[in-house]
């Protein structure tokens, strides 16, 4: 009789540790990932001098701010779960479990919404890309993203290379040398002599007909290329979504079981 409470406590603590260890590992990993994202976002803002007085008004639309915010949220939530497991704090563990469940629900809702709005997604992408093209020279992040998309997918503009006329610098009425041109990332061979980036390779491209332009720049728009890329890699995308949903559910289950096991252990200790 005298050894029963001690034996029960040891078993409960072992059970608690069984669920406690993987949760610590998961949360440490996500804490590090969140901190890395936070540092990268902060570095991007500082590197672009986004906190300068003349640029601070546009910081709300800076992609690096979103990157930093998501990293901060991920790090704080993961740290909460890690501390809750280490300290066997029921309040922190239950709060963390609730946040993970909310995240799981948001992911499921996002999948459902994307599936139900798949006919309108192309319009949203077109509007977003055209808006980014307007700010091509003003925002270094958007310029980098557009250049990577156009170079990687071998495309130019949203639907056609003439979409670049929406940009004030590439519009044919502009007074500069870039008038009626396209960015170098639209060029089939943007490197001069194979080594030097030729920033003038797309000058005057909008004035060319498609037959003449096809030897200089990519004719196809990026929306069509993105659609084809998604269709070709649909299996990988579905797999990644399933893995994310499964990881969130697994983490929620581990947190719930850890809280339950530690709660039983604490009850036995009190008895």
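Cβ atoms are placed via backbone N, Cα and C, with glycine included.
Curation does not apply to TrEMBL; its annotations are automatic.
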Correct range for transmembrane segment (source TrEMBL, candidates 9-27, 28-46): 28-46
Entry from the disulfide-bonded residues list 156, 172 having the most other CB atoms no farther than 10 A: 156
